[in-house]
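What follows is a short report on a single structure.
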């Protein structure tokens, strides 16, 4: 019966890849656990997708290598199992007390050890509660199975909690990325509006500049023509003043009016 318990526990703690007891167990959100070396090698397989995801060798659940996490619950159980797991040859030797050479057929509850009849009578186990192995095997099988179920429940809770954290992390990452994109779009729209208004104002100023410069140029042309006319009149008057009295007075009224 005890061997049946060990076999059941051993099956639960066997790596699906190398079929040996788990070494440095790593677990996925799908609930399967693997040796660290085995699942690391699996991450290098050619079937990894372009997004960097791998597939669980058991259920084909898709995961990122970063999703793998150490499973201390399983590691502790494996460690305990290695302490009690023995081969058939070693089992025959283990059936005998290493101190007295007698068959081990009693169980000491206080020390949690299997002992022989001489151990029971020794000072070490005197006044302890001892039972035949057959009498307590069922009780401890149930205790071990209950402990295993508790650990599995705790493991599932931890996996669910971790999964929820990852979902929340993904949600906030997407939300913040969306907010960043919205902010950038808003800034771009404002920039486009400002650029458009800038071009309008610049064009208005250029048009105003052209109008003013054209007006000033026309005024300048008029002044040049007036200056030329005044110059001509000055020359004409100087010429009259240098001539005779007759030449000076000839058509003098027209010159005075101009």
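Keep in mind that glycine also has a Cβ here, set from the backbone N, Cα and C atoms.
Counted with DSSP, the domain 'RING-type' (15-60) comes out as 7 helix, 7 strand, 32 coil. According to TrEMBL, the feature domain 'RING-type' maps to 15-60.
The domain 'B box-type' annotation in TrEMBL covers 92-133. Mean pLDDT across the domain 'B box-type' (92-133) comes to 86 in this model.
The coiled coil annotation in TrEMBL covers 134-200.
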